[in-house]
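Below: the structure, in structure tokens.
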Amino acid sequence: MNWILHSTMVSPNQTVVTEFVLQGFSEHPSLRLFLMGCFLSLYTVALMGNMVIIALITSSTGLHSPMYFFLCNLATMDIICTSSVLPKALIGLLSEKNTISFKGCMTQLFFLVWSGSSELLLLTVMAYDRYVAICLPLHYSSRMSPQLCGTFAVGVWSICALNASINTGLMTRLSFCGPKVITHFFCEIPPLLLLSCSSTYVNSVMTLVADAFYGGINFVLTLLSYGCIIASILSMRSAEGKRKAFSTCSSHLIVVSVYYSSVFCAYISPGSSYSPERSKFTSVLYSVLSPTLNPLIYTLRNKDVKLALRRLLPSFLN
């Protein structure tokens, strides 16, 4: 993993850090305007796109099904994720020095970990939903009842809030006595652990456990679900049946591929090869680009969503 264990003891003469400096992209001043334009555009598209998805699902009775209920939760998570990162990143591109208080940094870390881990867990739940719909269609209404879907959603938000609270709480227990420059454009666990002047052993262990659960177990469960889905589709005799079955899960499969690829690039790398530049790039993929693409993927590739959008637009125009 891309962080280093520290065991340095805090000296009484060392000054405790009360604020951090987000390095952002200050080492590339010539790209500042370009990056600001890109981030502002992506944030606008992500915010508006996910808000439209939520509005469509809540207002269209044809979208009141488990799949779209989970999609509404996914859109909410994407809004939280981008809103916890991009506003501060844009401020950093506008100013010469982008500082963030210790409490502000921990708050940003909590919401980022909460939304990011929630998305990984929710994608597994959505894969299970597609598995039941395609492999066990006769049992779909009983296995994916509104009560069970609500339990899944509450469980995802609660488990991931606990995970974020533990990781953020452990981070607040660390001592930071300088340097105080975070080599990133937001507060993230690996670069923060590199700045600590106290032992980060417990933090690293807990982060490894969380990574194993969210990035390992959930990934395997998602693969198993889609393995069963693909096997079921291939066993269908009707070409129309195959096309229809694949179309119901293709959007989710694309979202899963994009998100897991970016997360693995960001977190699965040896500590000796940690690179701030690479970390910033991969973080843009999962915290900015993925939340922007998700509503576009579901809108452009889903007939039900496109139909609901066509019905919703005239009501706004009138």
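Keep in mind that glycine also has a Cβ here, set from the backbone N, Cα and C atoms.
Curation does not apply to TrEMBL; its annotations are automatic.
The feature domain 'G-protein coupled receptors family 1 profile' is assigned by TrEMBL to 49-298. For 33-56, 68-86, 106-128, 148-166, 212-234, 246-269, 281-300, the entry in TrEMBL reads transmembrane segment.
The stretches the transmembrane segment (246-269) and the transmembrane segment (33-56) do not meet in space: the count of Cβ pairs below 8 angstroms, excluding pairs fewer than 6 apart in sequence, stays at fewer than three. Among the recorded stretches 33-56, 106-128, 148-166, 212-234, 281-300, the one sharing the largest number of Cβ pairs closer than 8 Å with the transmembrane segment (68-86) is 106-128. Nonlocal intrachain contacts for the transmembrane segment (106-128), taken as residues 6+ away from its ends with a CB within less than 8 angstroms of a stretch CB, comprise 67, 70-71, 73-74, 77-78, 80-81, 83-85, 88, 100, 152-153, 156-157, 159-161, 163-165, 167-168, 171-172, 186-189, 192, 210, 214-215, 218, 221-222, 225-226, 252, 255-256, 259-260, 263, 286-287. Listed by sequence, the residues of this chain that lie at least six past the ends of the transmembrane segment (281-300) yet keep a Cβ under 8 A from its Cβ atoms are 39, 42-43, 45-46, 49-50, 52-53, 71, 74-75, 78-79, 81-82, 85-86, 112, 116, 184-186, 188, 251, 254-255, 258-259, 261-263, 265-266, 306, 309.
Across the domain 'G-protein coupled receptors family 1 profile' (49-298), the prediction's mean pLDDT works out to 89. Cβ atoms under 8 Å from those of the transmembrane segment (33-56) belong to residues 25, 63, 71-72, 75-76, 78-79, 82-83, 86-87, 89-90, 93-94, 288-289, 291-292, 294-296, 298-299, 305, 308-309, 312 of the same chain, restricted to positions at least 6 beyond its ends.
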